[in-house]
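**Q** Grabbed the feature section from TrEMBL, which reads as follows:
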SIGNAL    1-20  signal peptide
DOMAIN    8-128  domain 'Thioredoxin'
DISULFID  Cys50-Cys53  disulfide bond
DOMAIN    336-465  domain 'Thioredoxin'
DISULFID  Cys385-Cys388  disulfide bond
Amino acid sequence: MRFITSIASILLASSAIAAASDVLQLGKANFDKTVAESPLVLAEFFAPWCGHCKALAPEYEIAATQLKEKGIAIAKIDCTEEQQLCQEHGIQGYPTLKVFRGLDSVSPYQGARKADAIVSYMVKQSLPAVSELTSSNFEDFTTSDNVVVVAFFDAKDTESNSTFSAVANKQRDDFLFGATTDKKLAKKAGVKVPGVAVYKKFDDGLDVYGGEFDAKAIEHFARAAAIPLIGEIGPETYQSYIQSGIPLAYVFYDTDEAKEELKEALMTAAKEHKGKVSIAMIDARLFGGHANNLNLQQEWPAFAIQDTVKNLKYPLDQSEGSKVSAESITSFLKDYASGALKPSIKSEPVPETQEPVHVIVGSTFEEVVYDDERDVLVEYYAPWCGHCKNLAPKWEQLAELYTTPAHSARVRVAKIDATANDVPVDLQGFPTIRLYPAGNKDEPVEYQGDRSIESFVDFIRDKGTHHVDGHNPLSGEDEDMSIDENLAAAVSSSSIAQMAAAATEGASATETVVDKAAVTEAAEAAVESATKGEEKKESFLKKAAHVVGEMLMDDELADVHDEL
């Protein structure tokens, strides 16, 4: 009887906890109404079996309770029960968190998955991009978050006001922004108007910017000031280091004594390189596996620098006889700053065959992806990723559509194992799919659609430079012959072949009288009959001129292609 009573008590307690939750449970029946009537909603799309979702749950509850007092709604949607709703919102992984300002304004949540981070992020979302500050609210505002950026300018200075507003709108997910025209507050902060100060709850507590009031310069200053001189890398801080765009120097330690000793010894170097390289400690007992990602052996202490923009890695030598110390780290930092170091590239062997999907490895990444003649669609994958495994057969079928000579000259479908090869990109998950358009490699386009072959084909056609449709033949493709076969046919069917034959029968290049006009005319006529389409015709003519020139061993004739 007591056992039954105990079970009943547990069930009642569980029900009370569930009923007391401040996280709204949404579904198809109430989602639209709730979001439409709430000024700001953070929604988690989850699955009950998801490990990351389970880890987030208690943090999410704490954040919901704190944000409820501020009028900010926190909700969750079970995608195993609300499949249609989750499909409508493009959910492809769990948990996915999105910020809603009504039904028509949706943005991804970009913060960490801890209660404090969620609260901080959503409070920023609830405020205007720039809060107006006066002497009465200045202190409360500048101490309300870990990092607060404040501008000081004259009331009539509309240009500085506009510049700072642009910075705030761009970085509002990361920092609180305020502005004041109070000259006394500027003087107290030691800021020359117009200027910017960053208030923070670490290091000296205040960094003042006195440079030109330029948007990019202020953005960089804010990100640099928000990073501690020597911080600690962990789940809550890692993303802020990566997003700062500043190279990150990892100091791996395996004892608390080693940590404090290295931290103190490197403080001078940290001040010297502030804003250029961020130095951070990382506990090898917890995150030692990350050393592999930096091409380091798991031997401590260890040190490496990562270019977080290009994802280039510079590990400090760990070979026998080398010692990782504050002195060697300081010297290594100076070499990095001077440009004397070369990055370490982890790479698998280059595959012998490349059909139909082109397999990229670390050593061939630039050669393949930055091929300026082709639109290159790249899948960054991990062997253990379930979504990647499901995509694999479709990726093969997609690549098959671009295997004809004309298609393959313009489009390449490729993949790279991002766990076994270094890639100069920041990846947030797998698979990540990006198109690198021909002639515009600096602006890759990330694929966000569904994972169907038709959608991929449309994406390549619409976003690629060549606008190639994999389902349609290109001009001249109805000829079965390849370019080289067409060229051979063109040469053998013209008077060019006769001249070539004469040359190979013993006449030297100087003895052979070459009528360049006749060669040009013959080549044009032959190629005209062998191919269709102006673009291919021009390519054939150039190749024909080169081949004929080589056959006749005549330097002058070898340049016929320039005239063609």
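The chain as shown is numbered from 1 upward.
Glycine residues also receive a Cβ, built from the backbone N, Cα and C atoms like all the rest.
Not measured: the values here are computed from a predicted model.
Show me how these features fit into the shown structure, please.
**A** A mean pLDDT of 89 is what the model gives for the domain 'Thioredoxin' (8-128).
In the shown protein chains, 21 other C-beta atoms lie within 10 A of the C-beta of Cys53 (disulfide bond).
When DSSP labels each residue, the domain 'Thioredoxin' (336-465) comes out as 41 helix, 24 strand, 65 coil, counted as helix, strand and coil in that order.
Within the same chain, residues at least six positions away from Cys388 (disulfide bond) with a Cβ under 8 Å of its Cβ are Glu379, Tyr381, Ala382, Phe430, Pro431.
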**Q** Round to the nearest Å and give the CA-to-CA distance linking Cys50 (disulfide bond) with Cys385 (disulfide bond).
**A** 14
**Q** Cα distance, Cys53 (disulfide bond) to Cys385 (disulfide bond), nearest Å?
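**A** If we compare the Cα positions of Cys385 (disulfide bond) and Cys53 (disulfide bond), the gap is 17 Å.
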**Q** With every protein chain in view, what's the tally of Cβ atoms within 10 Å of the Cβ of Cys385 (disulfide bond), excluding that atom itself?
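**A** Neighbour count, Cβ to Cβ under the 10 Å cut-off: 16.
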**Q** Could you break down the residues of the domain 'Thioredoxin' (8-128) into DSSP helix, strand and coil, giving a count for each?
**A** 55 helix, 22 strand, 44 coil
**Q** For Cys50 (disulfide bond), what is the tally of other C-beta atoms lying within 10 angstroms of its C-beta?
**A** 15
